[in-house]
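**Q** Below you will find the structure I want to go over with you.
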Amino acid sequence: MTNRQNKRVVITGLGAITPIGNNLAEYWDGLLQGRNGVGSVTLFDASKHACQIAAEVKDFDPHQYLDKKDAKRMDRFAQFGVCASKQAIADAKFVIDDLNADRVGVLIGTGVGGLKVMEDQNENLLTKGPRKVSPFTIPMMISNMAAGLTAIHTGAKGPNSCTVTACAAGSHAIGDAFRLVQGGYADAMICGGAEAAVTPLSFAGFCSAKALSTRNDAPQNASRPFDRDRDGFVMGEGSGILFLEELEHALSRGAKIYAEIVGYGMTCDAYHMTSPVPGGQGAAKAIELALADGEITPDEVDYINAHGTSTQANDSNETQAIKKALGHRAKEIVVSSTKSMTGHLLGGSGGIEAVATVMAIQHNKVPPTINLANPDDECDLDYIANSSREHQVNVALSNSFGFGGHNVTLAFKKYG
Amino acid sequence: MNQEIFEKVKGIVVDQLEVEADRVTPEASFANDLGADSLDTVELVMALEEEFDIEIPDEKAEQIDTVGKAVEHISEETGAAA
């Protein structure tokens with residue numbers, strides 16, 4: 001699968017707007033401190049919902065990045081995506097101009113897109129009639145608009161698209177962007193995921209599917225991946241963006257290099273709409289493909305940022321998948337679910353978790369899985385329980401799995 | 001021009017288009033002076049309809065391209081004195 005003529009691709013910029021920090025430095029500090037982003041829902045009245053807790057982004061001010069009219073014409077998910085993209089470009093110290101614009105692209109995934117706008121306008125439709133539905137309904141709702149608006153607000157005119165693969169969308173976006181740079185179709189890609197699904201319909205739907213934790217009286221204990229008392233995921237929101245750049249391009253301008261992206265594996269369970277296939281074969285295969293793509297052996301892997309949703313089905317299945325793919329090394333590799341702190345950002349999760357994984361490589365520190373009091377019998381790996389660690393990280397993986405049976409693994413390596 | 005209606009229209013325009021109030025003159029063109037695109041204009045008309053409890057048909061809305069024309073039309077529709 002690997003073509004040795006492929007161009008090498010590095011990460012030269014990072015952006016993050018998350019429930020535990022609204023920029024890269026705050027987010028990384030939050031991860032290392034084990035900061036808990038979960039609380040009661042404030043974005044809507046959740047008093048009639050079975051789940052009343054979420055990991056919301058706090059004190060986010062889009063006007064730091066956008067003028068008032070532009071911000072008003074964006075759903076919250078697009079605001080997160082555009083603003084995190086601006087952070088990543090600034091962090092890369094890259095200037096998009098007339099000469100390079102065609103060679104810089106955007107690929108931002110999302111699970112549900114502008115659900116808030118759709119719900120509000122549907123209310124208008126039902127209560128006031130079709131003539132009262134905003135002309136901005138469709139452009140603000142459609143899932144590709146974080147990518148489209150990022151191009152509008154940064155001038156990036158290269159390849160532009162959007163992955164919509166539920167909770168795997170952010171990782172698919174990064175993987176597909178990696179392929180575009182690797183194949184020479186772009187010199188740089190702004191990529192990741194964005195989500196803002198703390199809305200009444202989203203909560204009602206996920207509650208009916210019994211996917212969300214209902215630990216309403218103890219929100220800070222609700223997201224507890226790999227723990228035997230886990231009872232579902234906690235909805236998060238935000239965006240994580242990587243600035244990927246072709247290696248020679250980055251070197252020629254003296255860019256700071258965080259890490260190299262070397263592998264991308266993707267499969268589908270072909271099994272069930274929401275449940276992972278028992279035994280985790282599909283996820284294991286995605287891990288194996290990412291390793292093969294990056295020419296990495298299990299012996300080289302140091303850290304895995306797990307999908308780790310805190311649902312019954314995911315955490316034991318993912319543990320089995322890691323064991324299947326990495327054999328005896330599974331027990332030595334450290335694994336954590338940063339969703340224990342950030343909640344689950346659906347399509348945004350692959351973005352912020354890739355950021356966490358790259359930072360782990362950069363700093364040789366691994367973020368913890370908090371709320372891990374009593375590991376499930378079926379979850380018997382080293383999950384970096386409750387506090388971060390110094391740990392040499394040369395090679396790290398990030399897993400994302402989505403409704404629909406999508407499995408994605410990304411592989412990153414220390415540059416040098 | 002009915003001053004009361006003008007002030008109300010001005011408030012809506014400022015709110016909808018995020019422009020400085022002193023730019024909203026009777027002569028100001030929504031598209032050329034106040035930065036409204038085609039979608040902004042539709043939303044603006046909807047906001048005016050809501051505020052004044054009137055219906056502005058699409059053919060009429062297309063002719064309303066300045067603040068003054070909006071005030072004029074609303075004054076006629078609501079029977080307000082000029």
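Residue numbering: from 1, along the chain as shown.
In case you wondered, yes, glycine gets a Cβ from its N, Cα and C as well.
Annotations for this protein, taken from TrEMBL, read as follows:
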{"type": "DOMAIN", "residues": "B:3-78", "note": "domain 'Carrier'"}
{"type": "MOD_RES", "residues": "B:SER38", "note": "O-(pantetheine 4'-phosphoryl)serine"}
**Q** Tell me whether B:SER38 (O-(pantetheine 4'-phosphoryl)serine) sits in a helix, a strand or coil according to DSSP.
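**A** In three-state terms, B:SER38 (O-(pantetheine 4'-phosphoryl)serine) counts as helix.
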**Q** Let me check the 10 A CB neighbour count of B:SER38 (O-(pantetheine 4'-phosphoryl)serine). How many other CB atoms are there?
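**A** Its Cβ has 8 other Cβ atoms within 10 Å.
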**Q** Over the domain 'Carrier' (B:3-78), work out the mean pLDDT and round it to an integer.
**A** 96
